[in-house]
């Protein structure tokens, strides 16, 4: 009998909590598709460190477990409160508390199992979409071939089932301990603001806003240091919870004042409903706001990484092959011989970078941009070598007159060049004025200078000392992975340079000895002796993908969880809304007006946590984007990453909002 009752109740719960069921299906699909990346042969064969992708997915799953655990616990507890009278009736009919708790456990296990099985089907589809997306990012060809790995299934079942069982067992123990009176009182439990003085909650609201403004000012002024960042984050979280506690008091105060606008178009009804929801759901709304904020910032960071890998391959490695040697007299004859044997190279140049034992440019950048990341001396290049390099990259040549020099610098630092270019250079006994500033991609992360390179006439270089040697080459066509890896290995062996980690140890030792700088880039910094564009770009994209996709994963799950809680809270008040709207219609309000009232009520309700998250998330994302543009080399507008994230969120937000509104409208 209990099994039949459990199935009947499960069917009823499916209708009442469809949004919750839909979200658990979506979470299962996302879990399965991302977990498949851990064991996917297609991913593991992409790169030697393909296992890193799986490690990052596993770390993301840790966050997902906690948020799914919270969602299940919240929803199960919410359902138990709504059915408290039903459970009390079971006890009056002679059911033992153990039987009731077991019945409730079975109902939720049935719902969870159905959601899991239903989620596997879209999960297999999403697996292919995700794999194709990874291959697309790496510009590799991929043929659709569905994989169904039992390890993926078991891992997804373990993570999903573990979260479900933990949440249900906790609620099960709580249900067993309660008597009839406690169960009946459970329905009346609310997260309510205490009665009494209505003034101090409003002051708390103002205090929370003040803390947010102070935090923003300190953050943008650089007043937050790594040793105090945890305290600032804690204060921000506390402010978020206080914010909604005080917002309810402000709404109540506004309603009590009764301004003229309150009596128009059913505004009184909307604001009273909103104030009641915020008062009873203040803690929950604050939690949802934090989830929205975390998801927005996470997706914003993912879009930053995506944009970086789209643009910075050409920026960091515009030449197809680049070789470096600390010996300024090194001629690269062996490298040339090896490269010419490939018969795929179109142009090449071996040249020297010079220094004049001056460091006005390096010293300024070291002090104001990136300390300890520049050469000991300013770096110079001959005009003839510079023009030949520009020709190799398809740029227009430049010309210098007597007593003139040019600046080649990264685009984001052009303002620095304009400032420093006002001062003349003194080479030998001659002064040189700045003729112009060029910001094209020129491989300036420790190769053609660190962030900048000063272009001087050939005769001026005769007064200088060679600093180090470089060799650049461009190919007739893009190198394949096999060609690029083979060539890089051969070029490293020419100079007896170690491969793997030992290679980087050798290069770091040279940097320390010769005060070599890598510039202000921090996202991807490589100090290899040899660069092959196809290989280094591929490895950079794969590495960034291991962070980018998990961030999207976490953001989507956080968003869906938060939207589920918001929607279910509204759908479970259907009976109350039906009663309220029935009264409004009896008072003369038309159906079109009540539908509009319902829509406005939902809009304000959904905007409360999301609007606050836009403010919090916008401030944090703006700060992260600003620093990202400064240190990564990507010059897109700061707001663009947050704007794209917002569009994605509004799409998901709109789907959940439409589902909630249509279901409420149908029920009413």
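Every residue, even glycine, has its Cβ placed from backbone N, Cα and C.
Those TrEMBL annotations? Automatic predictions, nothing curated.
Note that the coordinates shown come from a computational prediction; the quantities given were computed from them, not determined experimentally.
Feature annotation from TrEMBL assigns domain 'ABC3 transporter permease C-terminal' to 59-166 (among others). Applying DSSP to the domain 'ABC3 transporter permease C-terminal' (59-166) sorts its residues as follows: 91 helix, 0 strand, 17 coil.
Annotation source TrEMBL lists domain 'ABC3 transporter permease C-terminal' at 554-661 (among others).
Using a Cβ-Cβ cut-off under 8 Å and counting only residues 6 or more beyond its ends in the same chain, the transmembrane segment (17-39) has close neighbours at 53-54, 57-58, 60-61, 64, 68, 71, 75, 79, 111-112, 114-116, 118-127, 129-131, 134, 147, 149, 151-153, 155-156, 159-160, 549-550, 553, 556-557, 560-561, 563-564, 567-568, 571, 656, 659-660, 663. Taken from TrEMBL, the feature transmembrane segment applies to 17-39 (among others).
The transmembrane segment annotation in TrEMBL covers 51-76 (among others).
What TrEMBL records for 110-138 (among others) is transmembrane segment.
Look at TrEMBL and you will find 150-169 (among others) tagged as transmembrane segment.
Cβ atoms under 8 Å from those of the transmembrane segment (203-223) belong to residues 232, 235-236, 239-240, 242-243, 245-247, 249-250, 615-616, 619, 623, 626 of the same chain, restricted to positions at least 6 beyond its ends. The feature transmembrane segment is assigned by TrEMBL to 203-223 (among others).
TrEMBL lists 229-255 (among others) with the feature transmembrane segment. With a cut-off of 8 Å between Cβ atoms, the residues of this chain six or more beyond the transmembrane segment (229-255) that come close are 193, 198, 201-209, 211-212, 215, 218-219, 262, 268, 271-272, 274-275, 278-279, 282-283, 285-286, 289-290, 293, 608, 612, 616.
Among the features that TrEMBL reports, transmembrane segment is placed at 282-305 (among others). Same-chain residues lying 6+ beyond the ends of the transmembrane segment (282-305) with a Cβ under 8 Å from its Cβ atoms: 67, 74, 191, 193, 237, 240-241, 243-245, 247-248, 544, 547-549, 551-552, 554-556, 558-559, 561-562, 565-566, 569, 608-610, 612-614, 616-618, 620-621, 624-625, 628, 632, 634, 641-642, 644-646, 648-649.
Residues annotated as transmembrane segment in TrEMBL: 547-568 (among others).
What TrEMBL lists as transmembrane segment is 603-626 (among others).
Beyond the transmembrane segment (638-662), the same-chain residues lying 6 or more positions past its ends with a Cβ under 8 Å from any Cβ of the stretch are 18-19, 22, 292, 295-296, 299-301, 303-304, 307, 555-556, 559-560, 563-564, 566-567, 570-571, 598-599, 602, 606, 610, 614, 617-618, 621-622, 625-626, 628-629. The annotation transmembrane segment is assigned in TrEMBL to 638-662 (among others).
Below 8 angstroms of C-beta separation, residues 17, 19-20, 22-23, 26-27, 30, 34, 37, 53, 56-57, 59-60, 63-64, 67-68, 70-71, 74-75, 78, 130, 133-134, 137, 284, 288, 291-292, 294-296, 298-299, 301-302, 305-306, 309, 605-606, 609, 645, 649, 652-653, 656-657, 659-660 of the same chain, each at least six residues beyond the ends of the transmembrane segment (547-568), sit close to that stretch.
Taking the domain 'ABC3 transporter permease C-terminal' (59-166) as a whole, pLDDT averages 83 in the prediction. The DSSP breakdown of the domain 'ABC3 transporter permease C-terminal' (554-661) into helical (H, G, I), extended (E, B) and coil residues amounts to 97 helix, 0 strand, 11 coil.
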